[in-house]
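A.B. asks: Annotation comment: TrEMBL describes B:1-24 as signal peptide. According to TrEMBL, the domain 'Cytochrome c' annotation covers B:42-150, B:194-308. As annotated by TrEMBL, heme c 1 binding site applies to B:Cys64, B:Cys67, B:His68. What TrEMBL lists as heme c 2 binding site is B:Cys208, B:Cys211, B:His212, B:Met283.
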Protein chains: 2
Amino acid sequence: MKQTILSTAIALISGLAITTAVQAAADEPIQPIKPPASINIGMVELGKKLYFDPRLSKSGIMSCNTCHNLSMGGTDNIPTSVGDKWQQGPINSPTVLNSSLNLAQFWDGRAADLKAQAGGPIANPGEMAFTHTLAINVLESIPAYVREFKLVFGKDKIDIDQVTLAIAEFEKTLVTPNSRFDQWLLGNKAALNKTELEGYALFKDSGCVACHNGEAVGGNSFQKMGLVEPYKTTATAEGRAGVTGKDADRFNFKVPTLRNVEMTYPYFHDGAANTLTEAVDIMGRLQLGKKFTKDENAKIVAFLKTLTGDQPTFTLPILPPSSDATPRPTPFK
Amino acid sequence: MKQTILSTAIALISGLAITTAVQAAADEPIQPIKPPASINIGMVELGKKLYFDPRLSKSGIMSCNTCHNLSMGGTDNIPTSVGDKWQQGPINSPTVLNSSLNLAQFWDGRAADLKAQAGGPIANPGEMAFTHTLAINVLESIPAYVREFKLVFGKDKIDIDQVTLAIAEFEKTLVTPNSRFDQWLLGNKAALNKTELEGYALFKDSGCVACHNGEAVGGNSFQKMGLVEPYKTTATAEGRAGVTGKDADRFNFKVPTLRNVEMTYPYFHDGAANTLTEAVDIMGRLQLGKKFTKDENAKIVAFLKTLTGDQPTFTLPILPPSSDATPRPTPFK
């Protein structure tokens, strides 16, 4: 009986502590990452194979994972990507991690969601350089894929909507909960040290948080790159204006997520900033009109590194082999 | 007591059956794949990261896994590989699966073992186009690698021998036991059907087995490509002669393993044969002076597909991020 009362008391106190922590988190401009809801596991497994399958490219050597490498923070860690025949991409590959939390996809938001995004690189002549029709021809020629698509979608024919839907479903699983910052938000006050907390205070007080907020610490608005001072770049990407046609949207880009930012270097749409120190300095001056001291900069960087969450953990998929009827890749044609 | 006697009798009969099966397997020219012995797990885990790390290339986008893709039978499934700046490789990338069973590495056997092989592509200007010194500079600049190398090798400095030793140790784990053919060798007579057994009989009786034998069904000798009839190819690779300097070794290549051959298309050192049907036909004519009928060819192909074993299963490694001091890749320089 005494044990029961004690347990109840502990449960009540714990409940109170959790409620307080959750309230505290709700007061913060950043929210902890939640695991994805309503995932179709069969579709995820199919989408994972497709994400890793280079046969969706003309050359047969590029997959989604080439530029959004899940061993490296969902990016390729180079300024702009290498496309078919070693073409230089016009823009930095954004991380696929937590991309389900973005208000839209691509730096200019031209795709409404992950499904709409997934078909883009496959058919982009500067990226995977294939066509949707040819990609479907390849998949239709592989017996194990035909069976798996039928199992997942219940249809006799594979189409590009099924392909992009499956890839998007896999991508929804690529969230990174449990960062030290999220542990702190959820009430573990020992998760961050003094420097990191001071960095977070600076991040909020200096105004970084005006754009980098919410569950993804970004990804939920378009903003002008070079608000106070113009951003100098050789990149030709004009941002949101390419989608809206409005001159006012020139150099408006989707605010990138800062989740796992320690792993997603180099930074900005042109990948011009190699280090977090450099990125924080440029952001402070160009977006906020503020020159951070070396000490302030270091504290903000320390805070940013607490945003690295648990990376997606899964078995490397084994792809079903091509059949005699599968059209062969043409890397050198 | 009765139960004990019965159990003993079953154990004796089972033992007899296993002995008979093992004897039968010993009489066959092909032996079942054994799991690797004496593996250093810490070294394997480090080697796995290095195998997937594109920072060992000049461009920052090519890893061992690019051309020896473990999702695709340890190959890239294209005739000859794509190297740095999209250079066309001179030869087909052989599978890394079961490569620990080869008598030597590369098609011409110029590397004695996996460790000697692993350093080659990193420093080959037509492949990863880096240097060993630059690769070590990169690794030395990444704190998590420095710690892991120290843990595994107990030394303060990383060197290329540690890198290639760790990659080789990981590659030793990439064996593929438990194919249906191995199940049959080990006594499960139901593992192969009539067509497959007829294919195996043809494979032995026609002489394929003279070169394709042992645990890897190949990989244990050098043989002339085009023994009875010359092999016509535009590939310039001259084979073993490049290593020995002997004219008699021209067009002598290491006999490739036929393990997982269903997954390792296209075939031959120039990757010119797209299908097993084509490869079996050419091998029959050029190496054995024998024209297989359509029916014989199909039976041999059916047998070859029973050589697909359990593919290596492991979690995609997460690579430690570069530090501010890490030299950045130069894909476009």
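Cβ atoms are placed via backbone N, Cα and C, with glycine included.
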A.B. asks: Within 10 angstroms of the C-beta of B:His68 (heme c 1 binding site), what count of other C-beta atoms is obtained when all protein chains are considered?
C.D. replies: 23
A.B. asks: Roughly how wide, in whole Å, is the group B:Cys208, B:Cys211, B:His212, B:Met283 that binds heme c 2, by largest Cα to Cα distance?
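C.D. replies: The span, Cα to Cα at its widest, is 12 Å.
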A.B. asks: Round to the nearest Å and give the CA-to-CA distance linking B:Cys67 (heme c 1 binding site) with B:Cys208 (heme c 2 binding site).
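C.D. replies: Per the Cα atoms, B:Cys67 (heme c 1 binding site) and B:Cys208 (heme c 2 binding site) stand 28 Å apart.
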A.B. asks: Relative to the mean position of the Cβ atoms of B:Cys208, B:Cys211, B:His212, B:Met283, the recorded heme c 2 site, which additional same-chain residues have Cβ within 8 Å?
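C.D. replies: So the extra residues in range turn out to be B:Phe203, B:Gly207, B:Val209, B:Ala210, B:Gly218, B:Val255, B:Leu258, B:Gln287, B:Leu288.
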A.B. asks: Beyond the listed site residues B:Cys64, B:Cys67, B:His68, identify every same-chain residue whose Cβ lies within 8 Å of the center of their Cβ atoms for the heme c 1 site.
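C.D. replies: Not counting the recorded site residues, we get B:Tyr51, B:Ser63, B:Asn65, B:Thr66, B:Asn69, B:Gly74, B:Asp76, B:Ser93, B:Val96, B:Pro121.
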A.B. asks: At the level of the C-alpha atoms, what whole-angstrom distance separates B:Cys208 (heme c 2 binding site) and B:Cys64 (heme c 1 binding site)?
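C.D. replies: If we compare the Cα positions of B:Cys208 (heme c 2 binding site) and B:Cys64 (heme c 1 binding site), the gap is 31 Å.
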A.B. asks: Provide the three-state secondary structure of B:Met283 (heme c 2 binding site) computed with DSSP.
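C.D. replies: DSSP assigns B:Met283 (heme c 2 binding site) to helix.
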A.B. asks: Counting distance between Cα atoms, which of the binding-site residues B:Cys211, B:His212, B:Met283 is nearest B:His68 (heme c 1 binding site)?
C.D. replies: B:His212
A.B. asks: Would you identify the secondary structure of B:Cys211 (heme c 2 binding site) according to DSSP, in three states?
C.D. replies: coil
A.B. asks: Per DSSP, what is the helix/strand/coil residue tally across the domain 'Cytochrome c' (B:194-308)?
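C.D. replies: So the domain 'Cytochrome c' (B:194-308) is made up of 49 helix, 10 strand, 56 coil.
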